[in-house]
Amino acid sequence: MKYITVLGSTGSIGTQTLEIVRELPNKFKVVALSAGRNIDLLTEQVSQHKPEVIAIDDENLLTDLKNNINNLGISNPPIVLGGREAINSVAAWDSADTVITGIVGCAGLIPTMSAIKASKNIALANKETLIAAGSVVIPALKENKSRLLPADSEHSAIFQCIQGLPNYENADFVTGQIPNGLKAIHLTASGGAFRDWAVEDLKNVTVEDATSHPNWSMGRKITVDSATLMNKGLEVIEAHYLFGTPYQNIEIVIHPQSIIHSMIEMEDSSVLAQLGWPDMKLPILYAMSWPERFRTNWKRFNLTEIGQLTFKKPDEVKYPCMGLAYSAGKCSGTMPAVLNAANEMAVDQFLKEKISFQEIPTFINKTCEAHINKLNLNPNLEDILEVDNWARIFVQEEIKKGKKYINVE
């Protein structure tokens, strides 16, 4: 039995994690949950899973949440906490051995660090933690003897493929050390909502268009990131930190079927790939169950049903966010945190219909350019949080100016 904490339990990753727990009740027990604002769903989750402690990020909802829990009438009700510090306490909850981090965006960084400092195993679905603060997170993992297991499909695929390399049992998969025999990583991308659109048609994109993914069921923010290909660009930075691979050896390839979740190329030129249906529960389960494989009743893989697998090179003009991510990763230091924060704010403003879809990379690029002269190559956690806040404010101020900028390559 594994005892788990789910951070962001009412979001897409959190709800899918709890579906897995319901399907495998003899393998997992939920001991702690955290959510942002959805107290009704959190109350329902408490009724089903009966955790020891829960936390809501919005302290203004704490009284209502406590009333909801009292009205459940369950024996041994959970401790109910509120606020950011409460989320951190839940992340480090003593009886949990594995923490699933499903909080969207950089908001998941501090809770993840709390879990690492408590020496928990981390099932990381919050890629922003490594993107913004990989240079801080990786040493913290080593220092606290905490293991980080990727819970997103691409990095889970790489993680699984690496176990086919020589001496894999001795490889430090997730602390930035290049596994023996690994030459390159090929990250697959669906191409997002606009993979079949002409570049000139992107000026007409609506929020509804951008939040409809052809293959995956995901939250709104990450679905927009998929449409801009920023999601894949961020995953390049994440792969660099997880597996120690140089940026020039990490390639993005469009794979519309989303069946091959990523590939690794070895020093002898052979390639290993991990295949499966496009279902986020697969990588989440593996991060939770590793090093074991638990039997499920999920749909079995069928190559003849798929019919064909196709690949193509991504269009750099169509997907400028991809190049911005590579550039920020190569700059290192605080630049990835600035990129991530600017993207989060730009996407938020797009979802609120304050800017157009094509302005997302424009404002990200402007923010990164403004940070070049302030780049810190050896940041601590406080430095990262400071530039994260700066970048968000900068994007908002630039949008308020109402100016249009041309992306500078």
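Keep in mind that glycine also has a Cβ here, set from the backbone N, Cα and C atoms.
According to Swiss-Prot, the feature NADPH binding site maps to Thr10, Gly11, Ser12, Ile13, Gly36, Arg37, Asn38, Asn126, Glu128, Gly219. DSSP gives Gly36 (NADPH binding site) a coil state; it is part of no helix or strand. In sequence order, Gly8, Thr10, Gly11, Ile56, Asp57, Asp58, Ile103 constitute the residues six or more apart from Gly36 (NADPH binding site) in its chain with CB-CB distances below 8 Å.
According to Swiss-Prot, the feature 1-deoxy-D-xylulose 5-phosphate binding site maps to Lys127, Ser153, Glu154, Ser190, His213, Ser226, Asn231, Lys232, Glu235, an assignment based on sequence analysis. Taking the Cβ of Glu154 (1-deoxy-D-xylulose 5-phosphate binding site) as reference, residues of its chain lying under 8 Å away and at least six apart in sequence are, in sequence order, Leu187, Thr188, Glu235, Ala239, His261, Ser262.
There are 30 other Cβ atoms within 10 Å of the Cβ belonging to Glu235 (1-deoxy-D-xylulose 5-phosphate binding site). For Asp152, Glu154, Glu235, the entry in Swiss-Prot reads Mn(2+) binding site.
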In which DSSP state, out of helix, strand and coil, do we find Glu235 (1-deoxy-D-xylulose 5-phosphate binding site)?
helix
I'd like to confirm something. Which of the binding-site residues, Lys127, Asp152, Asn231, has a Cα closest to the Cα of Ser12 (NADPH binding site)?
Asp152
Spatial separation of Glu128 (NADPH binding site) from Asn231 (1-deoxy-D-xylulose 5-phosphate binding site) - C-alpha basis, Å:
10
For the binding-site residues Thr10, Ser12, Asn38, Asn231, which Cβ has the most other Cβ atoms within 10 Å, all shown protein chains included?
Asn231
